[in-house]
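Undergrad: This is the structure I have questions about; it appears just below.
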Amino acid sequence: MGRFLFVSFGLLVVFLSLSGTAADCPSDWSSHEGHCYKFFQQKMNWADAERFCSEQAKGGHLVSFQSDGETDFVVNLVTEKIQSTDLYAWIGLRVQNKEKQCSSKWSDGSSVSYENVVGRTVKKCFALEKEQEFFVWINIYCGQQNPFVCKSPPP
């Protein structure tokens, strides 16, 4: 009996410690690798979406990607939530200089160390594209109204 209680208590401690990592995000946000993510269906231009993300959570920005795993997670989130008529979802990358080069930083200030860009053009903002199953980033007009994904550190 004592051994059973010890094992049960040990499992409870493990469960509570593991569930605590996901519980760090607000209940309507998703957790992945120490960050919180939320897809917002309302459509905004890039600048308004970035501002909105910063108002939703401390340290919040349009989503940045640091790995294939993070991209896969966000693509699944977008695919589950986006309306069938929407073609794009904003991400936190835009062209920031006169030479039409991508900024070396995401809107959250992190370095662009992982890239999945298709078709660089003179348009300045990037979005995930439905035609490519949201796996690639495409340059589109920043004033376009699109849904978006916010990313933040846990509160």
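Each Cβ is built from the backbone N, Cα and C atoms, and glycine gets one as well.
According to Swiss-Prot, the protein carries these features:
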- 1-23: signal peptide (SIGNAL)
- Cys25-Cys36: disulfide bond (DISULFID)
- 32-151: domain 'C-type lectin' (DOMAIN)
- Cys53-Cys150: disulfide bond (DISULFID)
- Cys125-Cys142: disulfide bond (DISULFID)
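Could you place these features in context, so I can see how deep they sit and what lies close by?
TA: According to DSSP, Cys36 (disulfide bond) is assigned to a strand segment. Summarising the environment of Cys36 (disulfide bond), the number of other Cβ atoms within 10 Å of its Cβ, over all protein chains shown, is 23.
Under the three-state DSSP scheme, Cys53 (disulfide bond) falls in the helix class. Using a 10 Å Cβ-Cβ cutoff, Cys53 (disulfide bond) registers 26 neighbours.
Neighbour list (Cys125 (disulfide bond), Cβ cut-off 8 Å, at least 6 residues apart, same chain): Trp46, Trp90, Leu93, Arg94, Val95, Asn139, Ile140, Tyr141, Cys142, Gln144.
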Undergrad: Which site among Cys25, Cys142, Cys150 has the most other CB atoms no more than 10 Å from its CB, taking these as disulfide-bonded residues?
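TA: That would be Cys150, with the highest Cβ count within 10 Å.
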Undergrad: What whole-number Å value do you get for the CA-CA distance of Cys25 (disulfide bond) and Cys53 (disulfide bond)?
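TA: The separation of the Cα atoms works out to 14 Å.
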Undergrad: Can you give me the Cα-Cα distance between Cys36 (disulfide bond) and Cys150 (disulfide bond) in Å, rounded to a whole number?
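TA: Approximately 8 Å lies between the Cα of Cys36 (disulfide bond) and that of Cys150 (disulfide bond).
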